Structures are given as structure tokens and as C-alpha cells.
Amino acid sequence: MVSFGKKLKERQVQEWQEYYINYKLMKKKLKQYANHSQAVVLDRRFVLKDFSRMLDNQIEKIVLFLLEQQGALASRISELNEQKESLQEEPDIGKINELREAYQAVGRDLLKLPYFVEINAIGLRKILKKFDKRFGYKFTDYYVKTRANHPYSQLQQVFKHVGLGAVVGAISRNLADLQDRQGSYLSIYDQPSLPLQDPVVDSMQAAVDRLSHSTNFLNFMAQHALIMQEELPTPVEEEVDDQRYHFMSLLLNLANTFLYMVNTYIIVPTADDYSMSLGAAATVCGIVIGAMAVAQIFSSVYFSAWSNRSYFRPLIFSSIVLFIGNVMYALAYDLKSISVLLIGRLFCGFGSARAVNRRYISDCVPLKIRMQASAGFVSASALGMACGPAIAGVLQTNFKIYKITFNKETLPGWLMAISWLIYLIWLWFSFKEPVRDTEIHNVPQESKAEPDSLEKGIVEPLLLKSSENQQDEDEQEDEDEEASEDSHQPANSIAAAYRLLTPSVKVQLLIYFMLKYAMEILLSESSVVTTYYFSWSTGTVAIFLACLGLTVLPVNLVVGSYISNMFEDRQILLASEIMVCIGIVLSFNVIIPYSVPQYVCSGLLLFVAAEVLEGVNLSLLSRVMSSRLSRGTYNGGLLSTEAGTIARVIADATITLAGYLGESMLLNVTLLPSLFICAVSILATFWTYNSLY
């Protein structure tokens with residue numbers, strides 16, 4: 001993404017100059033406040049009121065201009081409608097084509113308005129952020145809250161864009177009416193299943209959709225994938241995305257995500273029995289389960305780097321390695337070797353292509369459906385997590401074929417090996433390697449020689465026009481600030497990526513570490529704990545784990561659709577951390593005899609609260625993480641994956657080490673670190689947000 005200051009200069013034109021937010025004037029106003037505050041302490045209420053009035057005036061200017069432009073477009077459409085009515089009586093193919101072109105011209109002019117709104121929205125967000133950063137006020141919260149729901153709010157009028165939708169509808173309907181379908185003119189309302197038809201309509205709808213910033217389930221789910229969006233993509237960037245996109249390849253990418261999560265959790269109900277059948281202690285299941293996560297720490301890095309050059313070859317390699325790993329896992333039973341079992345699980349971890357899955361969506365899926373694809377990535381992961389234990393519960397059989405044993409311990413390995421083999425064949429014949437950036441850029445594009453009028457008029461500058469040699473000190477300061485915050489150069493190492501993290505982002509990664517640690521303790525030791533305290537069978541453990549996994553989507557639906565719209569993310573974040581802490585405390589076996597209701601209820605509370613916490617935490621991360629971490633090998637997705645994977649490794653190692661103290665001590669000993677890390681994360685959250693706000 002081009003930095004904000006450069007974007008304004010590159011797209012500077014005169015047509016709508018006076019109707020944009022005067023970003024330069026507002027920056028100077030902030031500088032005046034700062035200069036006054038050094039000599040005379042200004043009244044805080046005066047500053048808030050004065051700057052709010054300025055913003056209100058600027059936003060009202062935008063709204064009135066939008067209404068004026070929509071009215072002009074509506075007048076043009078009315079005139080074209082009159083011409084269309086006359087053609088109904090005396091059809092003329094030539095005139096019909098001219099009329100279609102006239103409607104398309106209105107549509108192309110309409111495309112300027114969504115970009116006009118969007119660039120102003122970016123300027124508004126940046127000036128609010130600059131105000132908060134410079135003065136330490138909660139001005140953004142104050143301004144948005146007081147203007148969001150007021151009946152006369154001009155701010156709401158900008159983002160509701162009802163008028164834009166009406167104009168889009170009018171153009172779409174009339175273009176459809178003019179389309180000759182078997183000699184008759186059909187309304188779009190008569191055959192809604194038929195897709196429209198005209199590229200300009202798709203462009204208008206995509207532009208309007210990008211203005212929707214309200215929280216909803218799909219958007220909330222999509223943010224879990226930590227796939228950060230460009231703020232204002234250009235038409236050329238969107239064309240590049242379309243050249244890369246291939247639906248079957250995206251489907252294969254999501255299938256890889258689903259199968260890998262199934263592969264991860266399908267062994268959890270039987271890992272303790274498998275370990276004991278090979279002569280090891282039941283708590284060695286922690287190492288068996290965690291071996292996959294250990295390997296994933298390294299595989300995430302080389303798969304992320306590999307995806308810079310290809311997507312097809314990493315997925316092929318992943319499928320082969322996972323096939324081999326599952327075969328080794330299944331054969332370990334007849335070989336009587338715990339080493340083969342662990343090596344098999346390590347191979348499975350070395351085949352983790354989640355970095356490729358995430359990167360493919362970020363780089364190769366068009367912006368207009370990237371949110372849906374990101375939500376699909378998260379949903380595939382959640383369904384895989386639920387299906388893994390459920391499938392293990394069904395595989396309750398025991399037979400031999402040529403000295404190879406098929407039972408509840410080995411069948412998960414054989415089933416996953418066959419699944420990866422089928423997937424490999426499907427991948428080989430159906431995946432299409434996307435076009436790389438260099439190939440696209442080498443294709444001559446006429447539009448680069450002379451930009452068309454649409455691209456020239458799409459975005460107007462927020463700064464008042466001034467000559468380059470009149471750039472004042474404040475402008476230079478702003479450019480330096482944006483260059484440091486929004487440089488598009490990706491980080492070239494883990495250390496460089498870590499240096500880009502702000503204190504609040506580091507705290508959120510700590511929270512992610514904590515919740516993954518607590519969830520892994522709950523899931524990985526469930527078979528050992530429930531067998532010791534309640535004598536549960538493998539099938540019962542599988543049902544319990546599957547029920548936990550099935551809560552993921554409903555919980556995110558409730559949070560994304562309702563709770564996030566009623567409370568601030570920071571409030572939900574802190575409340576969820578406290579609920580996780582309560583769930584951990586209730587899980588301890590202290591005084592009363594440990595009962596099934598206590599274990600199930602505390603585990604459910606812990607898991608659901610952790611799911612809510614993960615959703616809100618990643619939602620915040622996707623919005624505040626540096627744009628330099630949106631691309632490259634060492635991106636934000638890799639950092640979060642590594643934090644979660646390391647947490648799982650430490651949790652599984654804790655289970656195995658605690659096993660040396662005996663199964664009677666396992667539950668309490670493993671819960672103590674969870675409680676400590678949770679308490680630290682709560683304190684860090686308090687400290688961070690109190691210091692920032």
C-alpha cells in the first residue's frame with residue numbers, strides 16, 4: 001500500500017478540490033493546540049469542542065457534495081429513462097447501444113463517489129488517530145460515539161450511503177432492461193437468479209460494498225485469519241487480483257486447511273491409549289500431540305518463504321509429507337516403536353501449510369471476495385477441529401490385514417493417509433498456479449501511458465493544492481511519520497518483524513499465547529484426566545471434544561453479530577480474559593470430590609471464553625498491526641501462528657513433565673501455569689490500555 005501522503009500527491013486533481021476534507025488545515029490546527037499547550041494550558045473542553053466543530057463542518061461539506069452529485073446523476077438517469085421509454089415504442093438497435101453506453105457512462109461517473117467517500121474516511125481516521133496520539137485524549141471514542149447514533153448525524157450519512165445504493169439500483173435495472181434476452185426485455189426482478197451482465201455494475205457494487213465498515217459475523221470471522229486489507233486498492237490492483245484468482249484452487253486451499261486441522265485433533269481421544277500400548281506412560285500423549293506443533297514452528301517459516309515463489313509446489317510437498325507421516329503413525333503400533341510414532345507426528349507437523357493457505361488468500365483472491373475467503377479459512381479450521389475428535393470416536397473397531405493392525409489407535413493414521421493421497425491427486429490435476437507479480441507487470445498496459453479520466457477522478461487530495469517548493473515543516477513531519485508507520489517494505493527477519501510491534505500488539509500476542517496454552521492444556525490432557533477421574537471411554541471423550549469444537553462457529557456468530565456492536569473491543573477483550581481465568585480456577589480439584597458437571601462446565605466456560613477472546617484479539621490485531629507485516633515471509637499471520645504454536649508446544653511438554661508426578665497431580669499441576677499466564681495477561685491488558693487511553 002502506498003503511504004497516505006504519497007497517495008494524495010499522486011492523485012492530485014482539480015475537479016473536486018474544494019469538497020475534500022481539508023487535512024492540511026486540521027493538521028495545522030493540531031499544531032496550534034500543541035504550541036498553545038506549551039505556553040498556556042488550554043481548557044480540555046474547549047479543545048474538544050473546537051476541533052469537533054471543525055470536523056462537523058468538514059463532514060457536512062462532504063455530505064452536501066455527495067447529495068449534490070447524486071442528484072446530478074439521478075437527473076441524468078431520468079433523462080435517459082425518457083429516451084428509453086421512446087425506444088420501447090420504436091426499437092432501434094443502434095440507439096439501444098448508444099443508450100447502454102450512456103448508462104455505463106453514468107455508472108463510471110458514479111464510481112468516483114465511493115472512492116471520494118473512502119479517501120475522506122481514511123483522512124478522518126488518520127486525523128483522529130493523530131489527535132489521540134499527540135494529546136493523549138480519548139477523542140476518537142468521544143467523537144464517534146456522540147455522532148454515531150444521533151438522528152441528525154452527518155457522519156452516519158456518509159457511511160450509510162443510501163443514495164449511492166439507489167443510483168446503483170437504477171443503473172443496474174435499466175441496463176438489464178436494455179439487454180436483449182430472446183427478443184424480450186426482462187426485469188431483473190423477474191429472474192433474480194440470472195447474474196447481471198455488465199462489468200460496470202459489478203464495479204459499482206464492489207465499490208459501494210467497500211464502504212461498509214459495520215461489524216458483522218462474516219467480517220468478524222474474516223479478521224480471525226489475520227489477512228490485512230489494503231486501505232484503498234486501485235483499479236489496476238483489482239485487475240491483477242482477478243488475473244490470479246481461480247475458484248478450484250481456492251477450494252483446494254481451504255480443503256488443505258480443513259484436513260490439517262482434522263489431522264491435528266483426530267488423535268487426541270486415543271493418544272494416551274496409543275502411548276500405553278507402546279509401553280509408555282499415558283501422559284506421554286502430551287509429547288505425541290505436541291510433536292506436530294514442534295515441527296510446525298519451523299515449517300511455518302519455510303512454507304511462508306516458499307510461498308513467495310510458488311503455491312502449488314508447497315502444497316504438493318505438504319500433502320506428500322503428511323501422507324508419509326500418517327503412515328508412520330499408523331505403522332508404529334505393529335512396529336512397537338514409540339520413536340516411529342513421534343517421527344510420524346513430526347512429519348505431519350513439517351507438512352503444515354497454513355502459512356501458504358493464508359498467503360494464497362491474501363495475494364490471489366480478489367478484494368471483493370477476500371472477506372468471504374478469509375471467513376472460509378477460519379470456518380474450515382473450526383470445522384476440522386470439531387470433526388477430528390468426532391471421527392476418532394467412530395473408529396471403534398479392531399481387525400488385521402496381512403499383519404497390519406487396524407484399531408482405534410491406528411485407524412486415525414490410516415484414514416488421514418488415504419485422505420491426503422486423494423487430496424494429492426485432486427491437487428495435481430485441479431490446482432492452477434497463479435500469475436506472479438513479475439509476469440503481470442511485464443504485460444504492457446495501455447492505461448499506464450495515459451491514465452483514463454475515471455482513474456484521474458477517483459480520488460481527490462485532502463490537502464489544499466500547493467507547489468512542491470512550498471512544503472512546510474509540518475507536512476514534512478507528517479510524511480516522515482507516515483513513512484515510518486506505513487512503509488510497504490516487508491520485514492526481512494523475525495527480529496525485524498518483532499521490532500515493528502507496538503506495546504499493545506505485543507500484549508495482544510501474549511493474550512494469544514495464553515489462550516492457546518490454556519486451550520491446549522484442556523484438550524490434550526482431556527483423555528487422561530477423564531479416564532482417571534470418570535473412567536470415560538474413547539467414544540465419550542471424542543463426543544466431549546467434538547461438542548467443544550462445535551461451539552466455535554455459534555460463539556463467533558453471537559459475538560460478531562451482536563456483542564461486538566454493543567460493547568467496545570477492549571471491554572470484550574478484558575471480560576473474556578477474566579472469564580478464562582474463572583474457567584481455569586473452577587477446573588481445579590481442591591476440596592470437594594471432582595465431578596463430571598464441574599469438569600464439563602468449567603471446561604466449557606474456559607473454551608468458549610477463549611474462543612471469544614481469540615476472535616476479539618485477532619480482530620484487534622488485524623486492525624492495528626503495521627502494514628509492513630501484511631506481506632512478505634515474516635508477516636503478521638506468521639507471528640501469530642508462531643506465538644500460538646509455541647504455546648501449544650509448551651503446554652504439551654508441561655503435560656508430559658507433570659505426568660512424572662502421577663496422574664492424581666496432573667490436573668492441578670498443569671492448571672497452575674495457565675492461571676499464572678492468564679493473570680499476567682490481564683495485568684498487561686490493564687497496564688497497556690490505561691497507558692494508551
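Using the three backbone atoms N, Cα and C, a Cβ is placed for every residue, glycine included.
What TrEMBL says about this protein:
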type: DOMAIN; residues: 2-145; note: domain 'SPX'
type: TRANSMEM; residues: 250-268; note: transmembrane segment
type: TRANSMEM; residues: 280-303; note: transmembrane segment
type: TRANSMEM; residues: 315-332; note: transmembrane segment
type: TRANSMEM; residues: 338-356; note: transmembrane segment
type: TRANSMEM; residues: 377-399; note: transmembrane segment
type: TRANSMEM; residues: 411-429; note: transmembrane segment
type: REGION; residues: 467-489; note: region 'Disordered'
type: COMPBIAS; residues: 470-484; note: compositional bias 'Acidic residues'
type: TRANSMEM; residues: 509-534; note: transmembrane segment
type: TRANSMEM; residues: 540-560; note: transmembrane segment
type: TRANSMEM; residues: 572-592; note: transmembrane segment
type: TRANSMEM; residues: 604-621; note: transmembrane segment
type: TRANSMEM; residues: 665-689; note: transmembrane segment
(request) Quickly jot the same-chain residues contacting the transmembrane segment (338-356) by Cβ under 8 Å, restricted to those at least six beyond its ends, or write none. (result) 253, 256-257, 260, 263-264, 267, 274-275, 278-280, 284, 287-289, 291-296, 298-301, 303-304, 306-307, 311, 314-315, 317-322, 324-332, 413, 637-638, 641
(request) Sort out the residues at least 6 away from either end of the transmembrane segment (377-399), same chain, that have Cβ-Cβ distances under 8 Å to it, and list them. (result) 221-222, 224-225, 227, 254-255, 257-270, 357-358, 361, 405-408, 411-412, 415, 538-539, 541-546, 548-550, 552-553, 556
(message) Are the transmembrane segment (280-303) and the transmembrane segment (572-592) close enough to be called in contact, which here means at least 3 C-beta pairs under 8 A that are separated by 6 or more residues?
(response) no
(request) For the transmembrane segment (509-534), find every same-chain residue at least 6 residues outside the stretch whose CB is under 8 Å from a CB in it, and list them. (result) 265, 268-273, 282-283, 285-286, 289-290, 501, 540-541, 544-545, 548, 573, 577, 580, 584, 587, 589, 594, 596, 599, 603, 606-607, 610, 613-614, 617-618, 621, 639-640, 643-644, 646-648, 650-652, 654-655, 659, 663-664, 666-667, 670-671, 673-674, 677-678, 680-681, 684-685
(message) Assess whether the transmembrane segment (411-429) lies in contact with the transmembrane segment (315-332), where contact requires at least three Cβ pairs under 8 Å among residues 6 or more apart in sequence.
(response) yes
